[in-house]
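Trainee: Let me begin by handing over the structure; questions about it come next.
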Amino acid sequence: MTKMLKFLFKNKINVELSIKQYKLNLRNPFGTAHSVTTTRTNALIEIKVEDIRGFGECGLPPKKPLCYLADYNDIETYFNSWIKEIDEKQKQQQQQQEESYHYDAFNKISQKEYFKELRKEMNGDYQQSVYQFLFECLDNCKENSKDYSYASRCAIEMALLDGWGKFLKQPIYKLINIPESESLKPFYYTISMCPTMEEIMDSTDFGSKYTGFLKIKLDADVEKGMNIIDSVQKRLLNNNSTRTISKISVDANSSWTPSVARKYLEKLSPMADLISMVEQPFPIETLKTVNKDQKIDIQHLNEWVSIKKEYQDKGLLIFADESICTEKDLDGLVQLVHGVNIKLEKTGGIRPGLSTLLKAKELGLKTWIGSMVASSLNVSAAAHLLCSLSDFGGDLDGGLLIDDATQLFENDAFQLLDNGLIKMNSNNYGVGVTLKK
C-alpha cells in the first residue's frame, strides 16, 4: 500500500512524498553463504516537486545482525517519522513567515568542492529551496539513531538528488562535482550460489553476455567452491564464447574460518593474476559484537591479521564487505583488509558514501562500489560514485539479476561497453533512469 504526504512549500510549491513496496522477481535463485532468495521486496520512494518526479530505492536483503539491518516495515516506520518532521517544520516556517530559506545539506563533507552549487543560498528560488528543506528534515529525523535508518536515508536521499538533478538538468555525478575518470571502471556480474550447478551455469551464460568480470560467491566448502570456479571457466571455453574472463572476484560472505581461508589460499594462489580480490572471508564478529558487553576475541583477530599478509604475499587482495557500513568502521579494518566494498544502503546514501570513499582513500585502502539486489534505479545511483572514485569498479548488476517484468525503470545512468567497462551517460539527468511507460 502506498503512503503519501502532500503539502505546499512557502505557499508556492506543490510537493508530494510517497513510499510503496517494490517487489522484484529474480532471474535465478540468488544464493550466498547465509541465504537463498527468489524474490525481494525493496522500498520505492517518490518525491514530486511541482511536475518533477524524483525516485529512490533501497535494496533490502534478508536481515543479518551487524550488517543488513532493515526490512520494508522499518523503512516505512522511518518514512512516517520523516514526514512528521516535515509537518512540524512546516508549521514553524508558517509561524515565522520568513521568505528566504537556506540549509547546507552537504556540510558534513569536509571537502567543500563537492556539491559546490547545491550548498549555495537559492535567493528565492523556491523550487531548489524545497530540496534543501527536505534534506534538513531528513538530517534531523528522530529515527536517525536507529540502525535501520541508513537504508531508509539512502532511498530518500536518492529521490531528492534525482529530482534536484532533473530540475537542474544535470546527472548526479556533475551535481557532486566529480569529473568522470579517464580510465573506465569494470562492471562485475554476480554468479551466486544457486541451488544447482545447472542454475549456476545458466547464470554464467547470462552474465558473460555483458561482461568478462565475474563475481563468484563461495562458502566454506573448498572443494565445492573450486569446482564452481573451474566449471565457470570451462563453461566459457566449451561454449566457444567470444567472451573471456578478465577478472574474478571471490565473495565468501563472511563464511570462512582461518583454516578454510588458508585452504582456499593454496588453491587460489596459482591463479592470482586472475583474482581481483577475495571479499569478506572473515566473520563480521571479528571486529563487531551483537552484545555491546561482549569483548572481541583478540587471538581470532590476530589470526586474520596474519592471513591478510599471507594472501598479500601470494599476490591476493582481501576486501571487506559485510564489515564495512560507515566510515566509522574503516580505522579498525585497515589491519585486516586491502580494500573495502561500499554500498549506499549501509552508509546511508550518496553523501555518506562519498565521505566513506574519501576516508578509505586517505587510509590507503582500495575502493569498490557494490549494490544490493535491486533495480536499475538503485544501481544507477551507485554508478555516479563508481565512475570516478572506485579503484576496482563494482558489481552494479542488480538490474540484471531481476526479471524484466518487475523492472519499473529503463535507460540506465551508464552503458556497458563490449569489454565490460562502464561509461556514464552524461545526457541522463538525476540518477539517470526513466520510468517505463
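Cβ coordinates come from backbone N, Cα and C, glycine included.
Pulled these from Swiss-Prot:
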- Lys217: active site, proton acceptor (ACT_SITE)
- Asp251, Glu279, Asp321: Mn(2+) binding site (BINDING)
- Asp395: active site, proton donor (ACT_SITE)
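In the displayed structure, how are the listed features positioned relative to their neighbours?
Mentor: The Cβ of Lys217 (active site, proton acceptor) lies under 8 Å from the Cβ of Gly31, Thr32, Ala33, Thr190, Ile191, Ser192, Met193, Asp251, Ala252, Asn253, each of which sits 6+ residues away along the same chain.
For the recorded site, Asp321 (Mn(2+) binding site), the DSSP three-state label reads coil. Taking Cβ-Cβ distances under 8 Å and a sequence gap of 6 or more within the same chain, the neighbours of Asp321 (Mn(2+) binding site) are Asp251, Asn253, Ser254, Glu279, Gln280, Val340, Asn341, Lys343, Gly370.
Under the DSSP three-state reduction, Asp395 (active site, proton donor) is assigned to coil, being neither helix nor strand. All protein chains included, Asp395 (active site, proton donor) registers 28 other Cβ atoms within 10 Å of its own Cβ.
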Trainee: Which secondary structure state does DSSP assign to Asp251 (Mn(2+) binding site), in the simple three-class scheme?
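Mentor: SS state of Asp251 (Mn(2+) binding site) = strand.
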